[in-house]
Every structure is written in structure tokens, then in C-alpha cells.
Amino acid sequence: MKQFERREAILTLLRETSGVVYIDDLVAQTGASPSTVRRDLRTLETAGELTALRGGAVRLNERMSELPVAAKELINIHEKRAIATAAADLVEDRDTIYVDSGTTTLQVLPLLRNVRVHVVTSNTHVLALRLDPRIQVTMLPGDYLADTGSVAGALTDRVLEDMFFDKAFIGANGCSRRAGVTTFDLREANKKRLAQEHSGETYVLVDHTKLGATALCRAFDLSQCTVICDQDDELLAAAKGRVIAGKAAEEDSQASRRRREEARVAPGDAGTG
């Protein structure tokens with residue numbers, strides 16, 4: 001397949017799918033090597049046709065609204081892991097927590113070990129996870145939003161109004177000093193606002209690409225939450241608090257979790273649920 005034919009095939013596949021393509025699929029479709037496909041993606045990105053991601057690409061106009069979950073999973077993988085690790089370290093035994101939509105918030109749950117936690121979530125991808133048996137999960141009802149892999153809407157809000165949490169872990173499309181914590185969907189914004197209002201502590205999990213960004217709908221102000229991010233930024237001074245996640249933070253959180261687990265296991269407690 002010639003160069004122009006490969007690139008047209010890539011764009012065609014993007015149009016025919018949900019807006020996300022993977023390098024393995026493009027290799028199978030075009031017969032080209034992975035390195036050749038990556039060069040084609042970079043060329044098409046320079047031409048403004050798409051945005052190249054780790055392991056694939058997303059149609060450019062998808063960047064203007066909510067990215068499909070499959071695309072988000074390819075972005076800033078290591079940063080999200082560090083953020084999730086820092087968030088998991090904040091969860092204590094017998095906490096009731098709210099876990100929001102998003103790929104970063106989703107990663108928090110598999111990191112919870114040896115704690116009894118009740119998780120209330122709108123994130124439908126939680127249902128596919130294998131979690132510690134001590135974790136109880138309550139799935140909220142509502143309208144299914146395919147792009148975010150979550151439920152939201154009037155029914156979700158009605159149930160949330162009667163729930164209260166020790167901690168909420170919220171995802172966002174943007175965090176800015178002026179607009180606060182924002183998202184592209186009004187239903188998502190209302191859901192996040194309710195979770196924040198009904199939580200003792202609210203943590204917003206975002207990587208550095210969300211800092212300074214503003215999406216369509218505001219959920220709540222930065223002053224009403226602690227932001228967990230992989231990089232520090234002056235705008236985080238407007239937040240209630242900040243946690244900077246990274247390699248050092250991840251190592252510290254693991255050590256802290258071990259100390260907490262050791263302190264929790266007292267004589268006579270072994271083998272209890």
C-alpha cells in the first residue's frame with residue numbers, strides 16, 4: 001500500500017469507528033510496520049487531521065468535546081497511575097467513598113488493599129474490575145453516557161441527594177482559577193456538584209494537561225476541593241489543598257500504606273473480616 005493510500009485508510013478507519021484507532025489495527029489494515037504507521041500518524045497530526053496518542057490516535061474534532069474512554073486510556077498513563085496511587089493512600093478503613101467517572105478515578109479501586117470500604121460509583125467500568133473482597137460496591141442508577149462510561153441524569157441526582165460520603169474522588173475535563181472544576185456535560189457537572197456537597201472531603205484527580213483548561217459546564221469551585229495532580233502549578237493555590245503525585249509521592253504513599261496496615265493488625269485481629 002502506498003503512502004497516500006495508507007493515510008487515507010487511517011482517516012477512513014477513524015471515521016468508521018468511535019473516533020479512536022489503535023496501531024495494531026492499523027498495521028493489520030495497511031500491512032505496514034508499526035514504525036511506518038507511527039510516522040503516518042505524526043504526519044497526519046502535523047496536517048491537523050488527528051491527534052496521535054500512545055498506542056494509537058483520535059480524530060481531531062473529538063478533542064473539542066468529551067473524548068471516548070478508549071482514547072483517554074492511552075493518554076498520560078504513568079501520570080494517571082501516580083495520581084491514583086496518591087488518591088488510594090487517602091482511603092481509610094471503613095470509609096464510604098464516591099468514585100466518579102473517568103479513567104484516573106477508575107484506577108484508584110484496584111489499589112485498595114486490606115481496607116473495608118463501601119464504594120458508591122457512577123463509573124460503569126468498575127463492574128469489570130476484580131477488587132479486594134472487602135470492597136463493597138454500589139452502582140448508581142441513571143442514564144448511560146457512552147463517551148464517559150458512566151451514568152448521570154435526574155435519577156442519579158435523586159439518589160445522590162440521599163447519600164453522604166467520607167470522601168469523593170472526582171474526575172474533570174478542566175481545572176482553572178476562574179471556572180473551577182469543569183466538564184463537557186451538564187448532567188456530569190450536576191452529579192459532581194452533588195457528590196462534592198455530600199462529601200466530607202472532595203479530591204479532584206487530574207493530570208497536568210487539565211490545569212488551566214476550561215470545559216463547558218462548571219461543577220464547583222477549586223476552593224471546595226483538594227486537587228491531586230502529577231505536577232504543581234500556581235493556579236492550585238486557589239484550591240482548598242493540593243497533592244502532587246509522582247515517583248517520590250508514589251513511594252511515600254506505598255510506605256505510608258504499609259505502616260498503616262501494620263498498625264491495623266493487632267494481636268487477636270488476624271483472620272477477622
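Quick reminder: no glycine exception, Cβ is built from N, Cα and C everywhere.
Feature list (source: TrEMBL):
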type	residues	note
DOMAIN	4-59	domain 'HTH deoR-type'
REGION	248-273	region 'Disordered'
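In the predicted model, residues of the domain 'HTH deoR-type' (4-59) average a pLDDT of 78.
Taken residue by residue, the domain 'HTH deoR-type' (4-59) breaks down under DSSP into 34 helix, 11 strand, 11 coil.
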